[in-house]
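See below for the structure under consideration.
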Amino acid sequence: MSADVPVTVAAVRAVARDVLALELRHANGQPLPGASAGAHIDLALPNGLVRQYSLVNATGQATMDCYQVAVGWDANSRGGSVWIHEKLKVGQALRVTHRATCSEMAPEHRRVLLLAGGIGVTPIYAMAQACAQQGVDVELWASARSAPRLAYLEELKALLGQRLHLHADDEQGGPMNLTERLATQRWDAVYACGPAPMLDALTAATAHWAPGSVRMERFKGAEQPASERQPFELVLQRAGLSTTVDAHESVLDAMERVGVDFPWSCREGICGTCEAPVLEGEVQHLDYVLSPEERAEQRRMMVCVSRCGGGRLVLDI
């Protein structure tokens with residue numbers, strides 16, 4: 001979905017320390033387009049920002065009465081979470097500008113482990129509901145810095161019972177030991193969402209697992225050190241345009257600077273919306289969308305984060 005949908009904030013409630021849950025309903029009272037578990041929406045805020053939030057209640061319905069999202073407080077954010085926590089009120093008019101699914105569940109996976117860290121529980125909670133509805137054998141490990149920060153705790157307990165395993169870092173003396181817990185592959189797949197250290201640990205702990213059995217959603221893409229960024233020439237073949245991408249800007253920034261309106265959503269390398277075909281150039285892939293095989297082909301890139309390792313990049317745009 002790419003057309004704007006006007007929504008109204010119907011309810012706001014706290015679901016954990018520093019986590020607010022929002023209930024969004026169509027401004028005209030109509031049903032909202034449905035979505036599969038793992039989907040997110042782009043929410044346009046009155047302060048001009050557009051932010052992505054996972055749909056907590058998306059389980060594959062054709063239509064939905066409301067969209068439910070949760071927003072964690074982040075003092076270092078670019079303004080989205082702070083505005084919602086400090087300014088948002090019931091009755092506020094907002095716009096949903098896009099809906100997409102980055103981590104759709106595979107139907108062939110019948111024994112599933114869900115792994116959530118912090119606010120990463122939002123898409124994972126939706127997946128847990130979908131698994132329960134579809135009769136999938138599911139287990140969920142949820143972790144947070146402290147127990148009061150575990151969002152949707154009561155709902156998860158009611159849904160999963162003994163299949164829910166909780167981990168509070170402050171009570172356990174540190175993060176969950178995934179290397180020890182995942183030494184043996186007992187599931188068809190793991191779906192995970194959480195902070196980078198948790199997902200990096202998951203990647204290392206499951207390196208011996210079957211390819212494609214670990215799927216994760218990150219909060220943001222990888223960052224290339226400033227010292228490694230070099231300017232390069234960007235050629236947009238079909239548009240007949242060329243420009244220099246400076247060290248401090250992205251390919252997407254440069255495209256917009258020369259007047260090319262290209263679709264994007266996250267600007268973090270995690271959603272796949274800004275995928276572009278590559279005709280020439282050595283791509284430095286910094287996204288979390290493409291597989292290692294797709295990266296090696298050097299045929300496409302996410303222009304919001306990935307760069308060129310040589311002096312010239314030619315895109316089929």
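Each residue, glycine too, has its Cβ placed from N, Cα and C.
Listed in Swiss-Prot for this protein:
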DOMAIN    2-108  domain 'FAD-binding FR-type'
BINDING   110-220  NAD(+) binding site
DOMAIN    230-317  domain '2Fe-2S ferredoxin-type'
BINDING   Cys266, Cys271, Cys274, Cys304  [2Fe-2S] cluster binding site
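Across the domain 'FAD-binding FR-type' (2-108), DSSP helix (H, G, I), strand (E, B) and coil residues number 8 helix, 50 strand, 49 coil. One residue stands out among the binding-site residues Ile124, Val138, Leu166, Cys271 for having the most other Cβ atoms within 10 Å of its Cβ: Ile124. Figure note: comparing Cβ neighbours within 10 Å for the binding-site residues Arg110, His208, the maximum is reached by Arg110. Across the fold, the C-alpha of Cys271 ([2Fe-2S] cluster binding site) and the C-alpha of Arg110 (NAD(+) binding site) stand 25 Å from each other.
Residues in the domain '2Fe-2S ferredoxin-type' (230-317) partition by DSSP class (helix H, G, I; strand E, B; coil) as 13 helix, 27 strand, 48 coil.
Note on proximity: among Arg110, Ile124, Tyr152, Leu166, His208, the binding-site residues of the record, the Cα nearest Cys266 ([2Fe-2S] cluster binding site) is that of Ile124.
Take the mean position of the Cβ atoms of Cys266, Cys271, Cys274, Cys304, the recorded [2Fe-2S] cluster site; other residues of that chain with a Cβ within 8 Å of it are Trp264, Ser265, Arg267, Glu268, Gly269, Ile270, Gly272, Thr273, Asp287, Met302, Val305.
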